[in-house]
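Engineer: Swiss-Prot feature annotations, pasted as is:
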type    : residues                                 : note
BINDING : 8, 9, 10, 11, 12, 13, 14, 15, 16, 17, 18 : ATP binding site
BINDING : 185, 193, 196, 199                       : Zn(2+) binding site
């Protein structure tokens with residue numbers, strides 16, 4: 001039996017969520033998904049490393065059908081990842097159809113199986129503009145569906161839903177989280193590219209202009 005199942009991508013948001021959950025004294029396991037994204041090969045090792053550091057059980061679930069059947073520039077074989085800010089129309093190409101719904105459903109089933117009372121996802125207020133399955137309306141409806149579908153045994157929670165990514169970065173710093181052990185860049189190169197929307201957001205969140213960001217960028 002465990003308190004929480006954390007959906008851990010290996011990115012900064014879910015890493016902070018993991019650290020904060022453990023600081024609260026909860027027991028936790030992490031679940032990650034290999035769904036064929038261009039940055040899975042960079043993110044997943046970060047997730048593995050975080051779980052080893054925090055000494056928690058970690059499951060990686062392979063979802064090859066997403067890469068095979070779905071269309072998104074975020075997926076291997078998709079069009080090129082666009083540069084620019086999240087607010088731009090072209091960033092909608094990075095939406096992976098119903099990704100969070102699929103992952104949360106699996107996490108909820110796993111949580112019920114191991115008698116964990118909650119599933120935690122690190123989506124934040126800045127995700128809402130582009131990604132339909134990060135919006136409060138979706139989160140609330142899906143949480144209710146899981147509550148009904150598990151007969152009240154599993155709650156889906158979004159602790160950072162009212163926070164900005166910068167808020168999350170600041171919280172992680174108070175937790176002494178090493179952000180060099182997290183991955184954000186959508187392009188999945190050896191280093192963070194520094195120009196895609198995800199990198200732009202990371203730079204702002206980690207206060208790069210103030211010299212507080214430990215990330216190594218190409219640009």
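Note: Cβ is positioned from N, Cα and C throughout, glycine not excepted.
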Engineer: What residue among the binding-site residues 8, 12, 16, 193, 199 has the most other CB atoms lying within 10 A of its CB?
Structural biologist: 8
Engineer: Validating a neighbour-count step here. Other CB atoms within 10 A of the CB of residue 185 (Zn(2+) binding site): how many?
Structural biologist: 25
Engineer: Where residue 16 (ATP binding site) and residue 185 (Zn(2+) binding site) are concerned, what is their Cα separation in Å, rounded?
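Structural biologist: Given the Cα positions, residue 16 (ATP binding site) is 17 Å from residue 185 (Zn(2+) binding site).
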Engineer: A 10 Å Cβ contact count, applied to the binding-site residues 18, 196: which residue has the minimum?
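Structural biologist: Each of the binding-site residues 18, 196 was scored by Cβ atoms within 10 Å; lowest is 196.
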Engineer: Using C-alpha atoms only, work out the spacing between residue 193 (Zn(2+) binding site) and residue 12 (ATP binding site) and round it to an integer in Å.
Structural biologist: 16
Engineer: Below 8 Å Cβ to Cβ and six or more residues apart, same chain only. Which residues does that give for residue 14 (ATP binding site)?
Structural biologist: 6, 7, 8, 47, 121, 122
Engineer: What are the sequence-distant neighbours of residue 10 (ATP binding site), meaning same chain, six or more residues apart, C-beta distance under 8 angstroms?
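Structural biologist: In sequence order, the residues whose Cβ lies under 8 Å from that of residue 10 (ATP binding site) (at least 6 apart) are 32, 42, 43, 44, 45, 46, 47, 48, 50, 182, 183.
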